[in-house]
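J.: Quick paste from TrEMBL:
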- ARG15: pyridoxal 5'-phosphate binding site (BINDING)
- ARG37, SER38, GLN45, ARG253: substrate binding site (BINDING)
- ARG211, ARG338, LYS403: tRNA binding site (BINDING)
- LYS224: N6-(pyridoxal phosphate)lysine (MOD_RES)
Amino acid sequence: MDSNNFLGNCGVGEREGRVASSLVARRHYRLIHGIGRSGDIAAIQPKAAGSSLLNKLTNSVVLDVLKLAGVRSVASCFVVPMATGMSLTLCFLTLRHRRPKARYIIWPRIDQKSCFKSMITAGFEPVVVENVLEGDELRTDLEAVERKIEELGAENILCVHSTTSCFAPRVPDRLEELSCLCSKHDIPHIVNNAYGVQSSKCMHLIQQGARVGRIDAFVQSLDKNFMVPVGGAIIAGFDESFIQEISKMYPGRASASPSLDVLITLLTLGVSGYKKYLSERKEIYSFLAEQLKSLASAHGERLLHTPHNPISLAMSLDGLQANSDKAVTQLGSMLFTRQVSGARVIPLGKEQTVSGHTFRGFMSHSDSYPCPYLNAASAVGITREDVTVCIKRLDKCLKTLKKEGGTAKNMIIGILGQNVLLRSIW
């Protein structure tokens, strides 16, 4: 249905869907024109009726999935061919037209660079609100947020930028309370729901936040929630006109690849298939927690108590830190060279400057978290075998480090292991 595939088509424009490589044409199913028009990413493109139809279908199916996952009152959404960070930037730039005097974005701290840089890229000044420690959990400091609103003035604040899915021991923000604050002070509220679609708890928080207060848009990644290649996100909200306003802010046409990938995936899985993945993820979260708790106990550590985080877990590394200052970071490199991906090892006292702002205790979401720790997550698509193999390799690494006290010998072993891995890949 795209004009570049019409047998009698005669193209005399600057963009006629011509592709030099047959391999590239096959890779894209000859859907070459992309989606949208120069003024609106969601608009119908006359030369690309097929691609436009697929895009409309994708947006409809994705909207249904968001409702299925727990945000039943969501009114509108669209797939955008940018990852989460740039999609958040697009939301902030759209709000600029509604609040031209605003300079600040209030942001409960989460140590992840792309969401911080999304605010800088949009031209705003992030106001970082430190989290409060409650037991082992890092939670939203609501009083500090309200103080910042009163101090800066509501008219000077573009929005509150909150987070659901995150690495433990940080937990999802108190969305209901933040939504009420935003409603009270008439401040927009944008939610970074990066990999929260797979969690019924994260989706429930968004639904409740919109019910009792104000949420203008929430953004989620395609690859993290739907097991497709990196490069797409979903921007969704409860006011259809505002979501349309965001789609019209996107300049030019866009790649159809992310839309096509997620449509193929969802049609392949169906409702029952996707629900099965969500159910299995939740079950394996409990299995991962049990295995980490058992391993931690065996090594004189403990599983941090973070019941409000439905995806990520954390295990203390106090004993490892006592053995050697370098042992904690060394554990991370040892796991990587042993093909354990995704595990994050967080040492104490790391400083990192991001776009001019210096974060103390970077990656721990806090200036001074009490202990170093290791993260592991139960994300959609994980298997019991992934957990079993990870725990086995982690156990071996901890035993090695404690036995040798984190000496240079292990660094050599790690380097040799990496070389063996690279040779085997080659």
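Residue positions begin at 1 at the first shown residue.
Even glycines carry a Cβ here, placed using N, Cα and C.
Unlike curated records, TrEMBL annotations are generated automatically.
Source: prediction; values computed, not measured.
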J.: Counting across all protein chains present, how many other Cβ atoms fall within 10 Å of the Cβ of SER38 (substrate binding site)?
T.: 11
J.: Quick one: which residues besides ARG37, SER38, GLN45, ARG253 have a Cβ within 8 Å of the substrate site's Cβ centroid, in sequence order?
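T.: Residues close to the substrate site, other than ARG37, SER38, GLN45, ARG253: GLY34, ILE35, GLY36, GLY39, ASP40, ALA43, GLY252.
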J.: Closest to ARG37 (substrate binding site): which of the recorded positions ARG15, ARG211, LYS224, LYS403, going by Cα position?
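T.: Result for ARG37 (substrate binding site): the nearest of the recorded positions is ARG15.
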J.: Among the recorded positions listed here, ARG15, ARG211, LYS224, ARG338, LYS403, which has the most company in the form of other Cβ atoms within 10 Å of its Cβ?
T.: LYS224
J.: Between LYS224 (N6-(pyridoxal phosphate)lysine) and ARG338 (tRNA binding site), what is the CA-CA distance rounded to a whole number of Å?
T.: 23
J.: Whole-number Å distance between the CA of ARG15 (pyridoxal 5'-phosphate binding site) and the CA of LYS403 (tRNA binding site)?
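T.: A Cα-Cα distance of 64 Å.
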J.: I need the CA-to-CA distance for GLN45 (substrate binding site) versus LYS403 (tRNA binding site), whole Å please.
T.: 65
J.: Pop the Cα-Cα gap between ARG211 (tRNA binding site) and ARG253 (substrate binding site) into the table, whole Å please.
T.: 34
